[in-house]
Amino acid sequence: MACQCFLVGAGYVALAAVAYRLLTIFSNILGPYVLLSPIDLKKRAGASWAVVTGATDGIGKAYAFELARRGFNVLLVSRTQSKLDETKKEILEKYSSIEVRTAAFDFTNAAPSAYKDLLATLNQVEIGVLINNVGMSYEYPDVLHKVDGGIERLANITTINTLPPTLLSAGILPQMVARKAGVIVNVGSSAGANQMALWAVYSATKKYVSWLTAILRKEYEHQGITVQTIAPMMVATKMSKVKRTSFFTPDGAVFAKSALNTVGNTSDTTGYITHQLQLELMDLIPTFIRDKILTNMSVGTRAAALRKKEREAKSQ
(Lines of atoms letter the chains of each structure in order from A and count residues from 1; the text may use other names and numbers.)
(Lines give C-alpha, C1' and ligand atoms only; values in the text may rest on other atoms or scores of the structure.)
Protein backbone atom coordinates (compact mmCIF):
# COMPACT_ATOMS: atom_id res chain seq x y z
CA MET A 1 0.00 0.00 0.00
CA ALA A 2 2.80 2.42 0.92
CA CYS A 3 4.53 1.65 -2.36
CA GLN A 4 1.31 2.28 -4.29
CA CYS A 5 0.77 5.62 -2.55
CA PHE A 6 4.33 6.64 -3.37
CA LEU A 7 3.83 5.80 -7.05
CA VAL A 8 0.56 7.73 -7.18
CA GLY A 9 2.22 10.71 -5.51
CA ALA A 10 5.16 10.56 -7.89
CA GLY A 11 2.73 10.45 -10.80
CA TYR A 12 0.98 13.61 -9.62
CA VAL A 13 4.32 15.35 -9.18
CA ALA A 14 5.34 14.36 -12.70
CA LEU A 15 2.04 15.60 -14.13
CA ALA A 16 2.42 18.88 -12.26
CA ALA A 17 5.95 19.28 -13.62
CA VAL A 18 4.79 18.63 -17.18
CA ALA A 19 1.86 21.03 -16.78
CA TYR A 20 4.16 23.72 -15.40
CA ARG A 21 6.60 23.26 -18.29
CA LEU A 22 3.84 23.51 -20.88
CA LEU A 23 2.38 26.57 -19.16
CA THR A 24 5.81 28.21 -19.18
CA ILE A 25 6.25 27.49 -22.89
CA PHE A 26 2.88 28.97 -23.80
CA SER A 27 3.51 31.95 -21.51
CA ASN A 28 6.89 32.66 -23.10
CA ILE A 29 5.43 32.50 -26.60
CA LEU A 30 2.00 34.08 -26.21
CA GLY A 31 2.59 36.47 -23.30
CA PRO A 32 4.93 39.11 -24.76
CA TYR A 33 3.94 38.59 -28.40
CA VAL A 34 0.16 38.11 -28.34
CA LEU A 35 -1.52 38.68 -24.99
CA LEU A 36 0.30 41.65 -23.44
CA SER A 37 0.08 45.17 -24.83
CA PRO A 38 3.32 47.14 -25.30
CA ILE A 39 4.17 49.40 -22.38
CA ASP A 40 4.60 53.18 -22.58
CA LEU A 41 8.28 53.06 -23.50
CA LYS A 42 8.84 56.80 -23.09
CA LYS A 43 7.43 56.72 -19.58
CA ARG A 44 9.56 53.70 -18.66
CA ALA A 45 12.65 55.36 -20.17
CA GLY A 46 12.19 58.60 -18.26
CA ALA A 47 14.22 60.57 -20.82
CA SER A 48 14.00 61.45 -24.49
CA TRP A 49 17.32 60.10 -25.82
CA ALA A 50 18.13 56.58 -26.99
CA VAL A 51 21.68 55.34 -27.60
CA VAL A 52 22.18 52.53 -30.12
CA THR A 53 25.54 50.85 -30.73
CA GLY A 54 26.32 49.15 -34.03
CA ALA A 55 23.72 51.54 -35.42
CA THR A 56 24.62 51.68 -39.11
CA ASP A 57 23.72 48.13 -40.14
CA GLY A 58 21.30 45.32 -39.44
CA ILE A 59 19.45 45.05 -36.16
CA GLY A 60 21.12 48.12 -34.67
CA LYS A 61 20.08 50.35 -37.55
CA ALA A 62 16.56 48.94 -37.37
CA TYR A 63 16.42 49.68 -33.62
CA ALA A 64 17.51 53.27 -34.33
CA PHE A 65 14.76 53.77 -36.91
CA GLU A 66 12.12 52.18 -34.69
CA LEU A 67 13.08 54.33 -31.70
CA ALA A 68 12.98 57.41 -33.93
CA ARG A 69 9.53 56.37 -35.12
CA ARG A 70 8.43 56.25 -31.49
CA GLY A 71 9.62 59.80 -30.94
CA PHE A 72 13.00 59.29 -29.29
CA ASN A 73 16.01 61.36 -30.17
CA VAL A 74 18.74 58.92 -31.17
CA LEU A 75 22.48 58.92 -30.61
CA LEU A 76 24.13 56.55 -33.06
CA VAL A 77 27.42 54.88 -32.16
CA SER A 78 29.41 52.95 -34.74
CA ARG A 79 32.91 52.76 -36.18
CA THR A 80 32.69 54.65 -39.47
CA GLN A 81 31.70 58.33 -39.48
CA SER A 82 30.61 58.31 -43.13
CA LYS A 83 28.14 55.49 -42.44
CA LEU A 84 26.94 57.29 -39.32
CA ASP A 85 26.33 60.43 -41.36
CA GLU A 86 24.41 58.47 -43.98
CA THR A 87 22.25 56.73 -41.36
CA LYS A 88 21.58 60.05 -39.64
CA LYS A 89 20.47 61.53 -42.96
CA GLU A 90 18.16 58.58 -43.66
CA ILE A 91 16.53 58.83 -40.23
CA LEU A 92 15.98 62.59 -40.43
CA GLU A 93 14.51 62.29 -43.92
CA LYS A 94 11.85 60.01 -42.45
CA TYR A 95 11.48 61.48 -38.93
CA SER A 96 12.32 65.17 -39.14
CA SER A 97 10.87 66.14 -35.75
CA ILE A 98 13.56 64.38 -33.71
CA GLU A 99 17.25 65.05 -33.13
CA VAL A 100 20.00 62.68 -34.23
CA ARG A 101 23.59 62.76 -33.03
CA THR A 102 26.52 60.51 -33.88
CA ALA A 103 29.65 59.25 -32.16
CA ALA A 104 32.32 57.34 -34.07
CA PHE A 105 33.96 54.64 -31.97
CA ASP A 106 36.04 51.58 -32.82
CA PHE A 107 34.78 48.87 -30.48
CA THR A 108 37.91 46.78 -31.01
CA ASN A 109 39.61 49.40 -28.81
CA ALA A 110 39.48 48.00 -25.28
CA ALA A 111 41.27 50.91 -23.59
CA PRO A 112 39.37 52.26 -20.56
CA SER A 113 40.48 55.77 -21.53
CA ALA A 114 38.72 55.43 -24.90
CA TYR A 115 35.51 54.34 -23.19
CA LYS A 116 35.75 57.26 -20.76
CA ASP A 117 35.92 59.66 -23.71
CA LEU A 118 32.94 57.98 -25.38
CA LEU A 119 30.89 58.05 -22.18
CA ALA A 120 31.68 61.73 -21.70
CA THR A 121 30.06 62.32 -25.09
CA LEU A 122 27.07 60.08 -24.43
CA ASN A 123 26.34 61.53 -21.00
CA GLN A 124 25.91 65.00 -22.47
CA VAL A 125 22.28 64.00 -23.04
CA GLU A 126 19.63 62.40 -20.83
CA ILE A 127 19.61 58.77 -21.95
CA GLY A 128 16.38 56.88 -21.41
CA VAL A 129 17.14 53.85 -23.59
CA LEU A 130 20.47 52.11 -24.16
CA ILE A 131 20.57 49.45 -26.88
CA ASN A 132 23.83 47.50 -26.55
CA ASN A 133 23.69 45.91 -29.98
CA VAL A 134 27.18 46.05 -31.46
CA GLY A 135 28.61 42.60 -32.04
CA MET A 136 30.96 40.51 -34.12
CA SER A 137 30.79 36.91 -35.28
CA TYR A 138 32.84 34.37 -37.24
CA GLU A 139 33.23 34.62 -40.99
CA TYR A 140 32.04 31.01 -40.95
CA PRO A 141 31.93 28.30 -38.25
CA ASP A 142 35.14 26.40 -37.51
CA VAL A 143 37.15 24.82 -34.72
CA LEU A 144 39.02 27.31 -32.55
CA HIS A 145 42.52 27.09 -34.03
CA LYS A 146 41.22 27.33 -37.60
CA VAL A 147 38.89 30.32 -37.21
CA ASP A 148 39.21 32.64 -40.20
CA GLY A 149 41.16 35.69 -39.07
CA GLY A 150 43.07 33.83 -36.37
CA ILE A 151 43.70 35.16 -32.90
CA GLU A 152 43.13 38.76 -33.99
CA ARG A 153 39.55 37.97 -34.94
CA LEU A 154 39.04 35.92 -31.78
CA ALA A 155 40.32 38.83 -29.70
CA ASN A 156 38.04 41.26 -31.53
CA ILE A 157 34.99 39.03 -31.10
CA THR A 158 35.67 38.72 -27.38
CA THR A 159 36.25 42.46 -26.97
CA ILE A 160 33.33 43.68 -29.08
CA ASN A 161 30.77 41.23 -27.70
CA THR A 162 31.57 41.69 -24.01
CA LEU A 163 33.05 45.11 -23.24
CA PRO A 164 30.38 47.45 -24.70
CA PRO A 165 27.40 46.05 -22.74
CA THR A 166 29.55 46.00 -19.61
CA LEU A 167 31.24 49.38 -19.76
CA LEU A 168 28.49 51.41 -21.43
CA SER A 169 25.94 50.08 -18.96
CA ALA A 170 28.26 50.95 -16.07
CA GLY A 171 28.82 54.44 -17.46
CA ILE A 172 25.19 55.29 -18.23
CA LEU A 173 23.48 53.64 -15.25
CA PRO A 174 24.36 56.50 -12.85
CA GLN A 175 22.02 58.92 -14.62
CA MET A 176 19.30 56.26 -14.85
CA VAL A 177 19.64 55.47 -11.15
CA ALA A 178 19.41 59.18 -10.31
CA ARG A 179 16.15 59.41 -12.32
CA LYS A 180 14.90 56.01 -11.13
CA ALA A 181 13.98 55.28 -14.74
CA GLY A 182 15.65 53.83 -17.79
CA VAL A 183 15.78 50.90 -20.18
CA ILE A 184 18.83 48.83 -21.10
CA VAL A 185 18.53 46.22 -23.84
CA ASN A 186 21.51 43.92 -24.33
CA VAL A 187 21.33 42.13 -27.67
CA GLY A 188 22.77 38.65 -27.37
CA SER A 189 22.07 35.63 -29.54
CA SER A 190 20.36 32.27 -29.38
CA ALA A 191 23.90 30.90 -29.80
CA GLY A 192 24.39 31.77 -26.14
CA ALA A 193 21.67 29.33 -25.11
CA ASN A 194 23.66 26.30 -26.26
CA GLN A 195 27.27 25.13 -26.23
CA MET A 196 27.74 25.66 -29.95
CA ALA A 197 30.54 23.59 -31.46
CA LEU A 198 32.42 25.47 -34.22
CA TRP A 199 31.25 28.76 -32.70
CA ALA A 200 33.17 28.54 -29.43
CA VAL A 201 34.10 32.18 -28.82
CA TYR A 202 30.94 33.67 -30.32
CA SER A 203 28.68 31.33 -28.35
CA ALA A 204 30.63 31.89 -25.12
CA THR A 205 30.56 35.69 -25.43
CA LYS A 206 26.82 35.66 -26.04
CA LYS A 207 26.39 33.52 -22.93
CA TYR A 208 28.32 36.24 -21.10
CA VAL A 209 25.82 38.84 -22.34
CA SER A 210 22.93 36.72 -21.08
CA TRP A 211 24.44 36.23 -17.61
CA LEU A 212 25.54 39.86 -17.30
CA THR A 213 22.04 41.08 -18.13
CA ALA A 214 20.36 38.67 -15.72
CA ILE A 215 22.63 39.79 -12.89
CA LEU A 216 22.09 43.48 -13.68
CA ARG A 217 18.35 42.87 -13.40
CA LYS A 218 18.88 41.59 -9.86
CA GLU A 219 21.13 44.52 -8.95
CA TYR A 220 18.79 47.23 -10.25
CA GLU A 221 15.33 45.67 -9.85
CA HIS A 222 14.36 48.21 -7.17
CA GLN A 223 15.82 51.23 -9.00
CA GLY A 224 13.07 51.61 -11.61
CA ILE A 225 15.36 50.38 -14.39
CA THR A 226 14.32 47.76 -16.94
CA VAL A 227 17.16 45.51 -18.11
CA GLN A 228 16.32 43.09 -20.91
CA THR A 229 18.12 40.37 -22.84
CA ILE A 230 17.19 39.94 -26.49
CA ALA A 231 18.63 36.74 -27.96
CA PRO A 232 17.46 36.46 -31.56
CA MET A 233 17.77 33.57 -33.93
CA MET A 234 18.19 34.28 -37.64
CA VAL A 235 17.46 37.81 -38.85
CA ALA A 236 18.13 38.89 -42.43
CA THR A 237 21.14 41.16 -41.86
CA LYS A 238 24.66 41.73 -43.14
CA MET A 239 26.24 39.90 -40.18
CA SER A 240 24.03 36.82 -40.52
CA LYS A 241 24.71 36.74 -44.28
CA VAL A 242 21.02 35.90 -44.80
CA LYS A 243 19.37 37.97 -47.53
CA ARG A 244 15.91 36.44 -47.84
CA THR A 245 13.19 36.84 -45.26
CA SER A 246 10.82 34.03 -44.33
CA PHE A 247 8.32 32.96 -41.68
CA PHE A 248 11.22 32.27 -39.30
CA THR A 249 13.59 34.97 -40.61
CA PRO A 250 12.32 38.57 -40.37
CA ASP A 251 14.17 41.58 -41.66
CA GLY A 252 15.68 44.04 -39.21
CA ALA A 253 12.75 46.48 -39.22
CA VAL A 254 10.14 43.83 -38.44
CA PHE A 255 12.37 42.34 -35.77
CA ALA A 256 13.16 45.65 -34.04
CA LYS A 257 9.49 46.63 -33.82
CA SER A 258 8.60 43.25 -32.36
CA ALA A 259 11.51 43.29 -29.91
CA LEU A 260 10.78 46.80 -28.60
CA ASN A 261 7.16 45.80 -28.05
CA THR A 262 8.36 43.19 -25.53
CA VAL A 263 10.27 45.65 -23.31
CA GLY A 264 8.75 45.64 -19.84
CA ASN A 265 6.68 42.53 -20.55
CA THR A 266 9.48 39.97 -20.49
CA SER A 267 13.03 40.12 -19.22
CA ASP A 268 14.66 37.50 -21.45
CA THR A 269 13.34 36.60 -24.87
CA THR A 270 14.28 36.14 -28.51
CA GLY A 271 12.48 39.28 -29.68
CA TYR A 272 10.29 37.62 -32.30
CA ILE A 273 7.41 35.17 -31.92
CA THR A 274 8.62 32.52 -34.39
CA HIS A 275 12.11 32.70 -32.89
CA GLN A 276 10.58 32.09 -29.47
CA LEU A 277 8.62 29.16 -30.86
CA GLN A 278 11.83 27.64 -32.24
CA LEU A 279 13.66 28.17 -28.96
CA GLU A 280 10.93 26.56 -26.86
CA LEU A 281 10.71 23.56 -29.17
CA MET A 282 14.50 23.14 -29.19
CA ASP A 283 14.52 23.19 -25.39
CA LEU A 284 12.23 20.15 -25.38
CA ILE A 285 14.85 18.11 -27.22
CA PRO A 286 17.36 16.25 -25.00
CA THR A 287 20.68 18.10 -24.83
CA PHE A 288 22.78 15.39 -26.50
CA ILE A 289 20.39 15.26 -29.47
CA ARG A 290 20.16 19.05 -29.67
CA ASP A 291 23.95 19.34 -29.65
CA LYS A 292 24.17 16.83 -32.50
CA ILE A 293 21.61 18.75 -34.57
CA LEU A 294 23.33 22.09 -34.02
CA THR A 295 26.78 20.67 -34.76
CA ASN A 296 25.57 19.09 -38.00
CA MET A 297 24.05 22.43 -39.04
CA SER A 298 27.34 24.21 -38.31
CA VAL A 299 29.35 21.61 -40.22
CA GLY A 300 27.05 22.13 -43.21
CA THR A 301 27.42 25.91 -42.99
CA ARG A 302 31.20 25.58 -42.86
CA ALA A 303 31.28 23.27 -45.87
CA ALA A 304 29.16 25.69 -47.92
CA ALA A 305 31.36 28.64 -46.91
CA LEU A 306 34.56 26.80 -47.84
CA ARG A 307 33.12 25.81 -51.23
CA LYS A 308 32.22 29.44 -51.88
CA LYS A 309 35.68 30.56 -50.80
CA GLU A 310 37.26 28.03 -53.17
CA ARG A 311 35.11 29.19 -56.10
CA GLU A 312 36.03 32.82 -55.47
CA ALA A 313 39.73 31.94 -55.33
CA LYS A 314 39.52 30.12 -58.67
CA SER A 315 37.70 33.02 -60.34
CA GLN A 316 40.45 35.50 -59.50
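Every residue gets a Cβ built from N, Cα and C, even glycine.
As the structure is a computational prediction, the values presented were derived from the model and not from experiment.
Feature annotation from Swiss-Prot assigns active site, proton acceptor to Tyr202; the stated evidence is sequence analysis. Counting Cβ atoms from all protein chains shown, Tyr202 (active site, proton acceptor) has 23 others lying within 10 Å of its own Cβ.
Its Cβ taken as reference, Leu67 (NADP(+) binding site) is surrounded by 27 other Cβ atoms within 10 Å in the chains shown. Annotation source Swiss-Prot lists NADP(+) binding site at 47-76, Asp106, Lys206, citing similarity to another entry.
Within the same chain, residues at least six positions away from Ser189 (substrate binding site) with a Cβ under 8 Å of its Cβ are Gly135, Tyr202, Ser203, Lys206, Val209, Ala231, Pro232. According to Swiss-Prot, the substrate binding site annotation covers Ser189, on the basis of similarity to another entry.
Taking the binding-site residues Val51, Gly71 in turn and counting surrounding C-beta atoms within 10 angstroms, the largest count is reached at Val51. Each of the binding-site residues Ala47, Ala55, Ile59, Leu75 was scored by the other Cβ atoms within 10 Å of its Cβ; the lowest score goes to Ala47. DSSP assigns Leu75 (NADP(+) binding site) to a strand in the three-state reduction.
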